[in-house]
Amino acid sequence: MDLAAVILAAGRGTRMKSKLPKVLHRVCGRPMLSYIVNAVAAAGIKKIVVVAGYGAEQVAREVEGLAQVALQAEQLGTAHALLQAGPFLSGFAGKVLVLCGDTPLIEAGTLAKLAGFHRTAGAAATLLTAEPDDPAGYGRVIRDGRGNVIKIVEEKDASPAEKLIREINTGIYCFEAAGLFDALKGIRPANAQGEYYLTDIVEIYVRAGLAVAAFKLENPVEVTGINDRRQLAEVEKYLRRRVLEDLMQSGVTVLDPASTFVDGTVRVGRDTVIYPFTFLEGSTIIGEDCVIGPGSRLVNAVVGNGVSVQNSVVIESQIGDCCSIGPFAYLRPETRLGRNVKVGDFVEIKKSVIGDGSKVPHLSYVGDATVGAGVNIGCGTITCNYDGRNKWPTRIGDGAFIGSNTNLVAPVEIGAGAVTGAGSTITKNVPDGALAVERARQVLVPDWAAKKRDKKV
């Protein structure tokens, strides 16, 4: 293909007031830069150069294997940034798309249309322009009396009359590679900011008699830039709505989209119902016929079919088919549940395997444990897995019955079909089918309470 792309991602984004490079702030679960890289790749462009500056090492890690990285050591403006990509495009004679790294809503189809229009127009440069309802903050496209583009004026340098123009420069261009980098070297910082503006290349081309075309975008939302946290929230809201609409179109019921938050990387099966105030994040996968929420958060979780998760938190865990979770359960990383497992209210499970049909109904902690199939873990059971230095395992065999308020002091094994008496502290292994009881014998003193009251009188 005769297309290459350069993504300008060197700015710090001072208005974000963050230590993190602006382009790495997450939108709907992914760094905003990843949206632009993916859109470029989806448009069929294989040669991609990302120009990084502030936080360049972090940016490079994000695009590793997807793009080459050019370094802009000193942030001297967009023209200077594009110039840093020159060595990576040495000998390239095709067309160069130039994009900003802070416009995550841009779509691959728009980039393909821009490139196609540029070819048809036979121009040296083509601008992607738009007419938003509020053009404030954007550079204005200046045309002559015949409608030809003659220059772009940044808003900070625009006159009052120029600020009334609604057509804006989106910061996305298509250039002929031939002559581009020579023209960039001719740009001077003759503006209020003392920076080398890429927009000045339009006047250079016009003075040289080279054609500059403009392709107007139908949906200005695509080029919404993110410069501060407020704009980040606006784009997040827009993208989340789009994600939820896609889910609903695929057969998922979202009871209240306004209070449901699903990352773009999440997959949900049909006939699943998502209740309000549910957060599905990261690489979470939800099966079919599930009920998720209300008030639940799942992060990088894998959930089977027919599962209920109510008012619970599930982090990096796997849940088998037909399980019931919650309310108010907490599944911590590396937890794996088999089929038909019940994890009830106020139960915390960490780094444990729970077998098919087992139940942990309420008020229990299970950590570093392997629990077999058909096990019942009574209310208030605790696996005492930490001795102050090390975490120790607990193993419970198939069909075991753990009485309420049992303390299992790890390392310890409970055999298949074994039973522990309520209130026991188990420190030794229990054989298959055995009963283990460890508690003080009950003492009964008749009439003790009345005598105690009489003494107080």
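Backbone N, Cα and C atoms are what each Cβ position is placed from, and that goes for glycine too.
Cross-referencing ARG395, ARG439 with the acetyl-CoA binding residues that Swiss-Prot gives (ASN385, TYR386, SER404, ALA422) picks out ARG439. Cα proximity to ASP102 (Mg(2+) binding site) (within 10 Å) is found for the following binding-site residues from LEU8, LYS22, GLY139, TYR365, ALA422: LEU8, LYS22. Secondary structure by DSSP for the region 'Linker' (230-250): 20 helix, 0 strand, 1 coil.
In this structure the C-alpha atoms belonging to LEU8 (UDP-N-acetyl-alpha-D-glucosamine binding site) and ASN227 (Mg(2+) binding site) are separated by 14 Å. If one looks beyond the region 'Linker' (230-250) by at least 6 residues along the same chain, the residues whose Cβ comes under 8 Å of a Cβ in the stretch are 16, 25, 27-28, 32, 104-105, 221, 224, 257, 260-264, 266, 268, 270, 274. LYS22 (UDP-N-acetyl-alpha-D-glucosamine binding site) falls within a helix when secondary structure is assigned with DSSP.
Note: the Cα of TYR386 (acetyl-CoA binding site) and the Cα of ASN169 (UDP-N-acetyl-alpha-D-glucosamine binding site) are spaced 61 Å from each other. Mean pLDDT for the region 'Pyrophosphorylase' (1-229) in this predicted model: 94. Within 10 Å of ASN227 (Mg(2+) binding site), judged by CA to CA distance, lies none of the recorded positions GLY139, HIS362, SER404, ALA422.
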